[in-house]
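Here is the structure we will look at.
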Amino acid sequence: MIDLDTLKFDGNGLIGAIAQDNRTGEVLMFAFMNREALEKTIETGIAHYWSRSRQKLWKKGESSGHMQKVHELLIDCDMDAIILKISQEGGACHTGYRSCFYRNIEGDVVGEKVFDPADVY
């Protein structure tokens, strides 16, 4: 395993993390991880991230049930970004869409809504 000390966390101790569907390759979300989130992810096999707005560790799907089972972690060539190859339960986006990338640049909805946030949160 790569020594986590060799990863390039930013000045706030964070590293960018992309969640990607293990089967289809679809990009589902972008978030940040601190070292603790990465360690918890490795330890449990369930994606954990760092919430910049709440300033706390969060287990993806903890309140919604829409967890991310991690199959593989990939580190980029600069050691400053991570891809999590995951199986997504339910939707990845808190707005109800399967992917957080559900709009194109024109503002058109191009993604699939898979749950109603009012029923979950």
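Numbering starts at 1 and runs along the chain as it is shown here.
Glycine residues also receive a Cβ, built from the backbone N, Cα and C atoms like all the rest.
According to DSSP, D76 (Mg(2+) binding site) is assigned to coil rather than to any helix or strand. A simple way to gauge crowding: the CB of D76 (Mg(2+) binding site) has 13 other CB atoms within 10 angstroms, across all the protein chains here. The Mg(2+) binding site annotation in Swiss-Prot covers D76, D78, D80.
DSSP gives C100 (Zn(2+) binding site) a coil state; it is part of no helix or strand. Neighbours of C100 (Zn(2+) binding site), defined as other CB atoms within 10 A of its CB across all chains, total 18. Annotation comment: Swiss-Prot describes C77, C93, C100 as Zn(2+) binding site, evidence class sequence analysis.
All protein chains considered, the CB of C77 (Zn(2+) binding site) has 6 other CB atoms within 10 Å. When other Cβ atoms within 10 Å of the Cβ of D78 (Mg(2+) binding site) are tallied across all protein chains shown, the result is 8.
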